[in-house]
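J.: What Swiss-Prot records for this protein is below:
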- 84-94: compositional bias 'Basic and acidic residues' (COMPBIAS)
- 95-105: compositional bias 'Acidic residues' (COMPBIAS)
- 113-145: compositional bias 'Acidic residues' (COMPBIAS)
- 151-164: compositional bias 'Polar residues' (COMPBIAS)
- 170-193: compositional bias 'Polar residues' (COMPBIAS)
- 359-377: compositional bias 'Basic and acidic residues' (COMPBIAS)
- 391-402: compositional bias 'Polar residues' (COMPBIAS)
- 421-452: compositional bias 'Pro residues' (COMPBIAS)
- 468-479: compositional bias 'Polar residues' (COMPBIAS)
- 480-490: compositional bias 'Basic residues' (COMPBIAS)
- 497-515: compositional bias 'Basic and acidic residues' (COMPBIAS)
- Ser11: phosphoserine (MOD_RES)
- Ser15: phosphoserine (MOD_RES)
- Ser24: phosphoserine (MOD_RES)
- Ser407: phosphoserine (MOD_RES)
- 1-47: region 'Interaction with tropomyosin alpha' (REGION)
- 1-165: region 'Interaction with actin 1' (REGION)
- 166-500: region 'Interaction with actin 2' (REGION)
Amino acid sequence: MSTFGYRRGLSKYESIDEDELLASLSPEELKELERELEDIEPDRNLPVGLRQKSLTEKTPTGNFSREALMAYWEKESQKLLEKERLGECGKVAEEDKEESEEELIFTESNSEVSEEVCTEDEEESQEEEEDSEEEEDSEEEEETTEATKHINGTVSYNSVNTDNSKPKTFKSQIENINLTNGNSGRTQRNSESPAAIHPCGNPTVIEDALEKIRNNDPDTTEVNLNNIENITTQTLSRFAEALKENTVVKTFSLANTHADDAAAIAIADMLKVNEHITSVNVESNFITGKGILAIMRALQHNTVLTELRFHNQRHIMGSQVEMEIVKLLKENTTLLRLGYHFELPGPRMSMTSILTRNMDKQRQKRMQEQKQQEGHDGGAALRTKVWQRGTPGSSPYASPRQSPWSSPKVSKKVHTGRSRPPSPVAPPPPPPPPPLPPHMLPPPPPPPAPPLPEKKLITRNIAEVIKQQESAQRALQNGQRKKKGKKVKKQPNNILKEIKNSLRSVQEKKMEDSSRPSTPQRSVHENLMEAIRGSSIRQLRRVEVPEALR
């Protein structure tokens, strides 16, 4: 009866025209209907993350571009794939393989037990997990296809229909687009290869740098291969071979490049021949003591290298290698900077003294060159001065101007026959007056007063005063006769004591005061007890007892 009533209720909706009903709906009602239909039956061709529409009515505050996000994810995934291909993630892959092998061994050993314990419920749960994994794989494939759509810019999600034949046509469209876009997948990989080859950020292109070194390019004064981890030992050896004949490169850096002893030996052979490189950096590599000692032996034939860095190697050098390094570098006089921390104090101090000696020699050489240059310049200056003395120099003052008026003419004196009259002769001096009589002479002047005795000023030369006092004491001691068994007390002068006391420093006075034993201070009780011990009964006298004590 219930089903019959339900069908009777549905029969009244069969006569309704759907087109008229949809035409009568407003735009808002149509949007709401679309939302309801999407929730009831979502589009299976869309990935799971895009099936649910945004329910927020607010406008977005930031700029969000889904196409840019998908393109970024695509680039990152390609970079990861490229790293795996180049061996960046080799260690992680090996660890995963080891873990998987252990799991396989564990499952094989316990397979018999697991088969017995396994029940029907567990089998059903395993089947459900497999189904869910298959669904996730299909969803991931759909996401990748959506990413390719947005990158190529030819397919949109609005054009996706619910037909079953659509996936096949979609795949064919993608293949045609990739083939007819003008740039195939190979060119796309090549365009992204520089970023994938050097994920560390080093912009050096290995082949171009090697070609420039071989051609002796004048602009290439530094070769920087730092942090390029996918470079091989053969490539580093090729760089060392190319640098043997190069005369321009001054700095060669290959830190953190996984270089080993073979690369170090190639660098040592290069340093024996090259006389232009001044700095080598091989820090953070896999070089052992053998490779480092090979480089140190090469420095015995190299007189140009001033800086060498080989710290932070994978293997520890050890005390024997450090001692050998110091022994080999004793005869080197050009190395100024060594980038390595010695573990032993002995080699460390020896290496410090060697580097200090080399820096001092370089300074002396530089000073000598400056003196020679100044000497050449001084000799040339002396020659120019002597040459300038022989030539008349120009006056610093300007020449006087000519007067606008003509100078007066001086008439010449004509000597005639007439002689001039003689000049008058001076009269003779008068005779001296006669001497006066004795009673008319003036009294003689009084005799001059005797000169006052000069007061001897006190000199402040303390040393002279001390010498005088000591000489006086010696004279007194020599003049007096010493008596046997008697000591003569020396009573120095007060002035000498004051002078000696003034010459002593404050510290000496404090030391003298502290060296003297301090005088003991007795209390009243001690004085009383000492008096009682020293007294006797005869010395005591009778004393009346006071009334308060009676």
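Glycine is no exception: its Cβ is also placed from the backbone N, Cα and C atoms.
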J.: Taking a Cβ cut-off under 8 Å, which residues six or more beyond the ends of the compositional bias 'Basic and acidic residues' (359-377) line up next to it in the same chain?
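T.: For the compositional bias 'Basic and acidic residues' (359-377), the list is 333, 336.
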J.: Cα distance, Ser24 (phosphoserine) to Ser15 (phosphoserine), nearest Å?
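T.: Pair distance, Cα basis, whole Å: 16 Å.
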J.: Mean pLDDT over the region 'Interaction with tropomyosin alpha' (1-47): what is the value?
T.: 78
J.: Just how many other Cβ atoms lie inside 10 Å of the Cβ on Ser11 (phosphoserine)?
T.: 9
J.: Where Ser11 (phosphoserine) and Ser24 (phosphoserine) are concerned, what is their Cα separation in Å, rounded?
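T.: The Cα atom of Ser11 (phosphoserine) is 22 Å away from the Cα atom of Ser24 (phosphoserine).
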J.: Tally every other Cβ atom lying within 10 Å of the Cβ atom of Ser24 (phosphoserine).
T.: 8
J.: Sort the residues of the compositional bias 'Polar residues' (468-479) into helix, strand and coil with DSSP and give the three counts.
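T.: Final tally across the stretch: 12 helix, 0 strand, 0 coil.
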J.: Provide the number of Cβ atoms within 10 Å of the Cβ of Ser15 (phosphoserine), excluding the reference atom itself.
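T.: Other Cβ atoms found within 10 Å: 6.
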